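Below you'll find the structure, written out as structure tokens, and then a few comments.
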Amino acid sequence: MAAYTLLDYWKDRQVKLRLNSIKKLSTIALALGVERTRTELLPFLTDTIYDEDEVLLALAEQLGNFTMLVGGPEYVHCLLPPLESLATVEETVVRDKAVESLRKISQEHSPVDLEVHFEPLVKRLASGDWFTSRTSACGLFSVCYPRVSSTVKAEIRQHFRTLCSDDTPMVRRAAASKLGEFAKVLELDYVKSDIISLFTALASDEQDSVRLLAVEACVSIATLLPQEDLETLVMPTLRQAAEDKSWRVRYMVADKFSELQKAVGPEITKNDLVPAFQNLLKDCEAEVRAAAANKVKEFCENLPEDSRETIIMTHILPCVKELVSDTNQHVKSALASVIMGLSTILGKDNTVEHLLPLFLAQLKDECPEVRLNIISNLDCVNEVIGIRQLSQSLLPAIVELAEDAKWRVRLAIIEYMPLLAGQLGVEFFDEKLNTLCMAWLIDHVYAIREAATCNLMKLVEKFGAEWAQNTIVPKVLGMANDPNYLHRMTTLFCINALSEVCGQDITTKQMLPVVLKMSNDQVANVRFNVAKSLQKIGPVLDSNALQTEVKPVLEKLDTDTDMDVKYFAQEAISVLALA
């Protein structure tokens, strides 16, 4: 009956109903039982694969979890026919999901069933007339190869070789994307005899989309080969890729550079990869320079320790200095996100002499993202040169950025301020940065005012309630008389935050009277925020203040003409149990 219900839904014109029926497939299979699922449901599904892509995608995913519903690993091969059909459809995401499910259930086949049922499916897909089936086959070789006989292994290797030289670029692309994965399951002799020649051919393919995937495979292949074979078998092709005529291939080399560096080891890195990395940092295409710039820190960290500083100072730093003033903002931004990390590698003297001027130039860069990335990583430099040196060199630029026209830059400075304050100490902070922190409270952007409020709370946590009472609280409370109602509301937001860290005495004696006075404000938004503030600070106050001072004001607000004010007053009365 369940199968017929599914059939009815499957024929329904609404995709949503058909999709829902597929999503309930496991329930239907449980109702049918394992035998009827194998003999009725799966044949029905196999025969009716001609639906919307969304439905087929759901079906491909469901079948990957169907092993126990067909009777366990002994019968898992029953799932192969519908998945084989799904692996040949035109829509890529459906094929990929079918391959994913096939890979999953391949592990549940016994070695015998793998040769009898699964491996023939792979062969059929690999020799299919339509390119879709051949692309799907590429993802299945590696999962069956380790568990089949040597005769079948030879056939699998031959099929893979054939697909690597397929007439259709999409198939070669699929083969190139799985080359590294397939290499990992092959015996070392076959890696040298088969994979290297395939790698060389794919890395020289006429299609750059194939060549760039060969670069990705290079990482896996290099990790499999002994050191003595790398120079002769891999490096000529890698050098060629690093100078490829297509920027997309060079981009892939730059993007994978740290992984390649680890795979080939320190000697080849010194001799081959350092010059290649220099060239990528100077590439004519901005995308390539940006990808390489992003890897500067990682590349330098992974250099051989005995020659690291020399290589950086001689070969890498000159390129980095050029990139600081690059014409492309994405390149500068990528460099700014990692350059601070060089200070921990190069040490204090080199940082002060060579890196600080670069950081200062980036802090003044016209691109906000560059400034943002430098600010966000200041702590790396502080660890190396100390806060005094940092403040003398970079603090003037930071103060300038605190008033930057771009609000996200101001926001980044605010978020960094508690850390900077803790490092500078209370006296230095009061002298240099306190005024800034108060100015942010009346910024025209709400996100800045909100962050500045949170910043004050963190500063009080660092410097203590006494400091807050003398330095922060009077200035915050002074804003209660500001002509701009937004600034008056900021006073309330600050009181909400500060009450948590200042404690009962300061909250009751200094802040509560101001909140109560603001209940008479002409602006309804301020009055309902008074109600919210009283609810917020209520738990900090003693019971006497709640009953004698807070309750009468909330009762007055409960009779306000504005509905929002009444609502929040009633909520505060209820929460504080003042009724």
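Glycine is treated like the rest: Cβ placed from N, Cα and C.
Fair warning: this is a prediction, and the values are worked out from it, not measured in the lab.
According to TrEMBL, the protein carries these features:
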{"type": "DOMAIN", "residues": "79-260", "note": "domain 'Phosphatase 2A Regulatory Subunit A helical'"}
{"type": "REPEAT", "residues": "79-117", "note": "repeat 'HEAT'"}
{"type": "REPEAT", "residues": "156-194", "note": "repeat 'HEAT'"}
{"type": "REPEAT", "residues": "195-233", "note": "repeat 'HEAT'"}
{"type": "REPEAT", "residues": "234-272", "note": "repeat 'HEAT'"}
{"type": "REPEAT", "residues": "273-310", "note": "repeat 'HEAT'"}
{"type": "REPEAT", "residues": "316-354", "note": "repeat 'HEAT'"}
{"type": "REPEAT", "residues": "355-393", "note": "repeat 'HEAT'"}
{"type": "REPEAT", "residues": "394-432", "note": "repeat 'HEAT'"}
{"type": "REPEAT", "residues": "472-510", "note": "repeat 'HEAT'"}
{"type": "REPEAT", "residues": "511-549", "note": "repeat 'HEAT'"}
{"type": "REPEAT", "residues": "550-579", "note": "repeat 'HEAT'"}
Long-range Cβ contacts under 8 Å made by the repeat 'HEAT' (79-117), restricted to residues 6 or more beyond its ends, are 42-43, 45-46, 49, 53, 56-57, 59-61, 63-64, 66-67, 70, 73, 124-125, 128, 130, 132-133, 135-136, 139-140, 143-144, 147-149, 152
Long-range Cβ contacts under 8 Å made by the repeat 'HEAT' (316-354), restricted to residues 6 or more beyond its ends, are 274, 277-278, 281-282, 286-287, 289-291, 293-301, 308-309, 361-362, 365, 367, 369-374, 376-378, 380-381, 383-385, 389, 393
In this predicted model, the repeat 'HEAT' (394-432) has a mean pLDDT of 78
DSSP assigns the residues of the repeat 'HEAT' (195-233) as 33 helix, 0 strand, 6 coil
Sequence-distant contacts of the repeat 'HEAT' (550-579), meaning Cβ under 8 Å and at least 6 residues beyond its ends, amount to 512, 516, 519, 524-525, 527-532, 534-535, 538, 541
